[in-house]
Amino acid sequence: MKHLLSTFDLSKETAVALLDHAEELASRISQDRQLDLLAGKTVANLFFEDSTRTRLSFELAAHQLGARVMNFSAAGSSISKGESLKDTAQTLAAMTVDAMVIRHRSAGAADRLAHAGWIEVPILNAGDGAHEHPTQALLDAMALRRHHNQVPAKEAATKLVGADLSGARVLIVGDLLHSRVVRSNVALLNTLGAEVALVAPHSLLPAGVETWQAEVFTNFDEALASNPTAVMMLRVQKERMSSAGGGFFPSVGEYVRAYGLTDERFRALDPKVRIMHPGPINRGLELSDLAADNAQAIILEQVGCGVAVRMAALDWLVNGENN
Ligand code: NCD
């Protein structure tokens with residue numbers, strides 16, 4: 001692996017090995033608190049778009065591996081003076097960095113950094129526009145793999161080696177149109193042998209969704225009746241809509257009634273079904289408090305898996321997969 005840009009690039013063998021490595025690192029860090037796999041290395045985090053979980057977990061992952069971390073955020077940088085992506089990246093690379101993490105509002109930004117010939121640094125895509133978010137899909141798969149195989153986190157490093165997601169059926173719900181999380185997840189879940197179902201109002205279905213490897217619904221209750229083993233709720237991405245909810249659905253109340261995981265839908269859910277959300281949650285919109293804050297919801301476990309997956313990806317990209 002030279003870069004981590006898209007889950008479409010990951011073979012099943014590579015994806016499973018990366019998840020195994022993430023479990024191994026999660027286990028080691030829970031015992032040792034500090035590893036030295038990236039001692040003496042420098043990781044640059046370039047965030048041109050807001051982030052809490054992804055930015056902090058990449059930062060913590062690099063620190064836990066012993067790397068130095070440079071954090072760049074567009075706010076407060078020379079971007080306001082008109083500096084380009086190319087010049088920004090080359091400036092950071094000139095300070096000698098061993099890996100670059102990038103989040104950008106434009107689809108294709110990470111790919112451009114990796115392939116334009118501007119810099120020679122492994123690139124990790126931390127979300128590019130509505131395109132892809134590969135580490136999110138990997139952390140989702142890591143959490144799902146534990147639950148699907150009923151292996152607790154502390155035993156996962158030994159008991160899940162080589163495991164995939166065959167037999168799982170993941171229903172992804174909501175703002176599919178603006179979601180990079182769904183694109184990365186559809187590819188990776190299929191690669192790992194899971195079935196994927198999608199549900200959204202017509203206005204939030206991406207063009208060409210019928211060609212994706214997924215069963216597509218527009219009625220949430222019908223989709224829930226198709227026996228998913230996990231339900232992944234997506235955030236309504238108001239910042240990518242022309243105005244809050246503008247034109248994509250009639251009203252917030254209407255959206256909640258049709259596509260929200262409300263108290264009523266939560267109570268009707270099989271207790272074995274896991275509830276996921278990449279965060280940040282719009283409480284009361286995608287999820288009721290009851291649906292978000294109960295033992296079936298694995299949203300905070302997803303966050304923990306995010307640190308482990310990012311440690312694994314950084315280690316592989318900087319040190320190589322066979323070290
Ligand atoms: C996701 C993102 O930024 O794409 N969040 C995340 O990385 N945890 C999903 C979202 O913002 O809704």
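The backbone N, Cα and C atoms fix where each Cβ goes, and this holds for glycine too.
What TrEMBL says about a protein is an automatic prediction, not a curated fact.
Annotated carbamoyl phosphate binding site per TrEMBL: ARG53, THR54, ARG103, HIS133, GLN136, GLY279, PRO280, in sequence order. Other Cβ atoms within 10 Å of the Cβ of THR54 (carbamoyl phosphate binding site), summed over all protein chains shown, number 24. According to DSSP, THR54 (carbamoyl phosphate binding site) is assigned to a helical segment.
According to TrEMBL, the feature L-aspartate binding site maps to LYS81, ARG180, ARG235. The Cβ neighbour count for ARG235 (L-aspartate binding site), using a 10 Å radius over every protein chain in view, is 20. Under DSSP, ARG235 (L-aspartate binding site) is assigned to coil, being neither helix nor strand in the three-state scheme.
Annotation source TrEMBL lists domain 'Aspartate/ornithine carbamoyltransferase carbamoyl-P binding' at 2-145.
Look at TrEMBL and you will find 167-316 tagged as domain 'Aspartate/ornithine carbamoyltransferase Asp/Orn-binding'.
Each of the binding-site residues GLY279, PRO280 was ranked by the number of other C-beta atoms within 10 Å, and first place falls to GLY279. Note: the Cα of GLY279 (carbamoyl phosphate binding site) and the Cα of ARG180 (L-aspartate binding site) are spaced 13 Å from each other. Neighbour counts of Cβ atoms within 10 Å were compared for the binding-site residues ARG53, ARG103, and the top value is held by ARG103. Closest to LYS81 (L-aspartate binding site) in space, going by CA atoms and restricting to the binding-site residues ARG53, THR54, ARG103, GLN136, is ARG103. Of the chain residues outside the carbamoyl phosphate site list ARG53, THR54, ARG103, HIS133, GLN136, GLY279, PRO280, SER51, THR52, ALA126, GLY127, VAL181, PRO278, GLY306 have their Cβ within 8 Å of the site's Cβ mean position. Summarising the L-aspartate site geometry, the residues cited as binding it (LYS81, ARG180, ARG235) extend over a maximum Cα to Cα distance of 32 Å.
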